[in-house]
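Colleague: Below are the features listed in TrEMBL for this protein:
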type	residues	note
REGION	57-86	region 'Disordered'
COMPBIAS	57-67	compositional bias 'Pro residues'
COMPBIAS	68-84	compositional bias 'Low complexity'
DOMAIN	87-163	domain 'Lipoyl-binding'
């Protein structure tokens, strides 16, 4: 296993995070990882620090990156004009393959214009047969889907734009 790839490390991190283990030490061909769920854990001297993937983040967004017309048309996203500042971006918690539906041929979890709650499932991200569910994290309306089904997404990549519901 001398050819370790970033996605292999990502899968180890996800597995560790989901496990009941409090610490894991791994040494493979000169690569040494020490993972700990303890808040006061410190990396060993000379060891690279690794952290588990962060939960999906929501952040105000100025404008999404430009996309090809076919991409916008296929996702149903309207890219004409600037994005309102109060819209929030749902970002990928890890790298992997983006899926809008629970299985091929099934309807997508959400559609543009659909109202969502904070606990509404938006999509799945799969890496090495491990699936991460991405939740809206905020109550509001889905305004744009920024990636296509089955696209490879990077950690922290913008996936959806949500217009937050007005405060009650």
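From the backbone N, Cα and C atoms, a Cβ is placed for every residue, glycine too.
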Colleague: For the domain 'Lipoyl-binding' (87-163), provide the mean pLDDT of the predicted model.
Modeller: 95
Colleague: Across the domain 'Lipoyl-binding' (87-163), what are the DSSP residue counts per state (helix, strand, coil)?
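Modeller: So the domain 'Lipoyl-binding' (87-163) is made up of 0 helix, 37 strand, 40 coil.
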